[in-house]
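Student: Here it is, the structure in full.
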Amino acid sequence: MNHSNHMHHDNHESHHHYSGHAHHHGNFKVKFFVSLIFAIPIILLSPMMGVNLPFQFTFPGSEWVVLILSTILFFYGGKPFLSGGKDEIAAKKPGMMTLVALGISVAYIYSLYAFYMNNFSSATGHTMDFFWELATLILIMLLGHWIEMNAVGNAGDALKKMAELLPNSAIKVMDNGQREEVKISDIMTDDIVEVKAGESIPTDGIIVQGQTSVDESLVTGESKKVQKNQNDNVIGGSINGSGTIQVKVTAVGEDGYLSQVMGLVNQAQNDKSSAELLSDKVAGYLFYFAVIVGVISFIVWMLIQNDVDFALERLVTVLVIACPHALGLAIPLVTARSTSIGAHNGLIIKNRESVEIAQHIDYVMMDKTGTLTEGNFSVNHYESFKNDLSNDTILSLFASLESQSNHPLAISIVDFTKSKNVSFTNPQDVNNIPGVGLEGLIDNKTYKITNVSYLDQHGFEYDNDLFIKLAQQGNSISYLIEDQQVIGMIAQGDQIKESSKQMVADLLSRHITPVMLTGDNDEVAHAVAKELGISDVHAQLMPEDKESIIKDYQSDGNKVMMVGDGINDAPSLIRADIGIAIGAGTDVAVDSGDIILVKSNPSDIIHFLTLSNNTMRKMVQNLWWGAGYNIVAVPLAAGALAFIGLILSPAVGAILMSLSTVIVAINAFTLKLK
């Protein structure tokens, strides 16, 4: 089946392997209640109940009932832990499941021995069994893991909500104009679908009829409704607000925005950062630490008291209280929450390492056009320098060449020329001049569009006073050359984004230096930089110059973040310690960029830094808890404070172990963007 032609969102739910027991999630709830039925009579018939109550539930042969029920409980209720431990050993990564499996196995096997000694041996005295402890241990473990898996599942909740945004069906407009409700999986590219007010838009597409306002808050985090007119793009999963629209489908299945986002997030969550690799290693050592401490505590208490029941209880408690799981989940749970929140707000984290690196960023380098400014240019001035050519002829020549480019400056010139009703032609042999402009043939004459740097480098004469006047007003200026003569010019202005000023101020408050990198001329660059409060400016750059500048800053030991276009600035984004591709829109699969910002909003740079800070704080909290819990709990379980009467039973150990993981999960779930 070709997924590029079919929509499939039935299986969007992410599959994160947070632990070796993730696949038992559905079993824990059922197993807990079934095990409870077996555990109640075991507990009621135990000698412990006779000590605590004025009457006993025991009857002749009740010890056999306890044995049979305990055996069923061990193999049924204990199965997730026994099979989980087996899987961990097979993978040569023994951890929490192996410890629990060892604990309940020791309790069960010793209880079998005690049952034999009490019923079939001629030895005098009574050997205490652990059937009561075994029952409570398995019950608490099942309950704890059921609660834990619910908490773990909530960590990636934002991503699951995204998966549920797409409807199951859509209204397809047939060739004969009839409307027909079809499954999403039957929708193909170029189909026309109709979406009424209040409905979820089923696929990515282009509006071909109607206009509306669209709520993208659940898709990109855009809080305000976005006005959409004919020929505007819409994203599948966003909510159609005010009018009925018809949408031509542009992407389905894995090519759709939501599918791409969830694919990138899943990939990021499966990759391990250096901090996670370290916590995994420590969690792995913790297994051996717990086993060694458990065995030593058994030997020491046998030497001190010669009481096998007490010594064995210490061993079992150590095995069940140690929780490499809390340490192992400390980072993955925060990551799941962080990447999901990011995706929900239009911040796609492709490289998790960048979240850690962001704590140490010294410089944020930004392209001017489209990042700090709107990138929507307006033509403010155009002029002919040749007596026999009118201003409109110059405009026509500019538009003819620029019609072959998709650069924002080019699009602005073409649109302006059309609005002036000035005609232009299709040129021949148009070539891009990197970092300069274009050249091509019009009516068998060669024309070049260049910047002022090209004129200076090649000794062309031009009106420098006019250039300075227009440039200081913030205009980008292009020149037209024919037969080694400058015959005309055009000046285009760009607006600074409202949020750029605040973003620069926020960077400075964080002691991060903003740097402007632009191919535009010095005058324009410094005019924009001055208004924004940026003092570090590099102008008139070729594409390769940006990469070189980043390298120079890094050579002094600085950490550099680069923000720019995911395609044109690809080398710079790759060179930087963190590359942020801004304004990706629905094309979130751009190759370069550790972080993808769906919107062209400079505020999202600060949002990423805030998310990074909050994420790292939660990771550190969880690591301290995971490590600190084990450092304190294991010696307590071994009986380190038994001399003052503080002794933990296996049941209490099981409760503490389950709680330790639940606390880590809840702490991860409290992570917020702001």
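Glycine is treated like the rest: Cβ placed from N, Cα and C.
According to Swiss-Prot, the protein has these features:
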- Asp367: active site, 4-aspartylphosphate intermediate (ACT_SITE)
- Asp565, Asp569: Mg(2+) binding site (BINDING)
- 1-20: region 'Disordered' (REGION)
- 32-52: transmembrane segment (TRANSMEM)
- 57-77: transmembrane segment (TRANSMEM)
- 95-115: transmembrane segment (TRANSMEM)
- 127-147: transmembrane segment (TRANSMEM)
- 284-304: transmembrane segment (TRANSMEM)
- 315-335: transmembrane segment (TRANSMEM)
- 623-645: transmembrane segment (TRANSMEM)
- 649-671: transmembrane segment (TRANSMEM)
Student: Mind checking which residues of the chain, 6+ beyond the ends of the transmembrane segment (623-645), have their Cβ under 8 Å from one of its Cβ atoms?
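Tutor: For the transmembrane segment (623-645), the list is 275, 279, 282-283, 286, 289-290, 293-294, 296-297, 301, 314, 317-318, 321-324, 326-331, 653, 656-657, 660, 663-664, 667.
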Student: Report, as numbers and ranges, which residues of the same chain sit near the transmembrane segment (95-115): CB under 8 Å and 6 or more residues beyond its ends.
Tutor: 19-21, 63, 67, 70-71, 74, 78, 80-82, 84-89, 127-131, 133-134, 137-138, 141, 283-284, 286-287, 290-291, 312, 315-316, 319-320, 322-325, 328, 650, 657
Student: Per DSSP, the residue listed as 'active site, 4-aspartylphosphate intermediate' is which: helix, strand or coil?
Tutor: strand
Student: Counting only residues 6+ away in sequence within the same chain, which have a CB under 8 Å from the CB of Asp367 (active site, 4-aspartylphosphate intermediate)?
Tutor: Leu517, Thr518, Lys546, Val563, Gly564, Asp565, Asp569
Student: Highest CB neighbour count within 10 A among the binding-site residues Asp565, Asp569?
Tutor: Asp569
Student: Could you give the residue numbers and ranges of same-chain residues that sit at least 6 residues beyond the transmembrane segment (127-147) on either side and whose C-beta is under 8 angstroms from one of its C-beta atoms?
Tutor: 21, 24, 28-29, 31-32, 35-36, 38-39, 42-43, 46-48, 66-67, 70, 73-74, 77-78, 80-81, 100, 103-104, 107-108, 110-111, 113-115, 117-118, 309, 312-313, 316, 320, 649-651, 654-655, 657-659, 661-662
Student: How would DSSP class Asp565 (Mg(2+) binding site) in three states?
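Tutor: Where Asp565 (Mg(2+) binding site) sits, the three-state DSSP reduction gives coil.
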